[in-house]
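Single-structure report; data block below.
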Amino acid sequence: MFSRLSRSHSKALPIALGTVAIAAATAFYFANRNQHSFVFNESNKVFKGDDKWIDLPISKIEEESHDTRRFTFKLPTEDSEMGLVLASALFAKFVTPKGSNVVRPYTPVSDLSQKGHFQLVVKHYEGGKMTSHLFGLKPNDTVSFKGPIMKWKWQPNQFKSITLLGAGTGINPLYQLAHHIVENPNDKTKVNLLYGNKTPQDILLRKELDALKEKYPDKFNVTYFVDDKQDDQDFDGEIGFISKDFIQEHVPGPKESTHLFVCGPPPFMNAYSGEKKSPKDQGELIGILNNLGYSKDQVFKF
């Protein structure tokens, strides 16, 4: 699985990266905020799983791509840690001029044990309330956070291998998972990432992903898929979508000790696994993974 993959020439299927319909998640949070699986941590952790919002300042804003930025947030002290575990996320909040709360979940891309600060990679969506707000901020402005929220409780060596299927900013939770698995010398799980974007320039966290592949060639592999490589003659990936045939050829089958994690915009989710019904309900498994014979219990939707 980790040998050089043969190039496919599938007909390009554009990976829609339009506005993600996440307003329902906000309503769900406020209706069920006492039911989330919060993670409790020691006193040196900033986020303790309680109901307290913490205002944190932006220390740096960097351009990740033409429509995506990396925000670095400063923790209260240089020795502070987030308090997240694998795999978990945070809620971010701002209050509109009319007094309405806008809340969205975000997965930090920093090392979970990073001290003093953490980073979010955020894509700007046209009409997106939170992303428009964040893109209007500057260093020293603050954002309210709370959490952490457990998404999937990872247990080392639970599976022989896992496959991550992602598109766009869906890479964030997948990268968190991959990074911490391969960096753990006691976790022998092999990680295979299939990551789709419109162009090579849209590939997020590419530097970090390529570094993992170079450092841990026996544990981690990534294959990039783009609709159009444009003028990038150095692009060493696949042109087209992540096809059923490609998955069948390069991903461990449903009878093996494996698990699949999927994250991306709604069209991507519907094509491969179907969307979650809510943050607490994974919904039915449909799409390509269902057609390949994987069961609902073998696929997790971030």
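Glycine is no exception: its Cβ is also placed from the backbone N, Cα and C atoms.
The transmembrane segment feature in Swiss-Prot is assigned to 12-32; the stated evidence is sequence analysis.
Per Swiss-Prot, the feature domain 'FAD-binding FR-type' maps to 51-155; the stated evidence is sequence analysis.
Sequence-distant contacts of Lys188 (FAD binding site), defined by Cβ-Cβ distance under 8 angstroms and a gap of at least six in the same chain, are Pro156, Asn157, Lys219. Under the DSSP three-state reduction, Lys188 (FAD binding site) is assigned to coil, being neither helix nor strand. As annotated by Swiss-Prot, FAD binding site applies to 158-193.
The feature phosphoserine is assigned by Swiss-Prot to Ser278, with similarity to another entry given as support. In the three-state DSSP scheme, Ser278 (phosphoserine) is classed as strand.
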Checklist entry - Non-local Cβ contacts of Gln158 (FAD binding site) (under 8 Å, 6 or more apart, same chain)? => result Thr189, His259
Item to check | Gly168 (FAD binding site) versus Ser278 (phosphoserine) - Cα distance in angstrom | outcome: 21
Checklist entry - Using DSSP and three states only, what is Thr163 (FAD binding site)? => result strand
Next on the checklist: If you count other CB atoms within 10 A of each CB, which of Thr163, Ser278 wins among these recorded positions?
Outcome noted: Thr163
Next on the checklist: Would you identify which of the binding-site residues Ala178, Leu193 has the most other C-beta atoms lying within 10 angstroms of its C-beta?
Outcome noted: Ala178
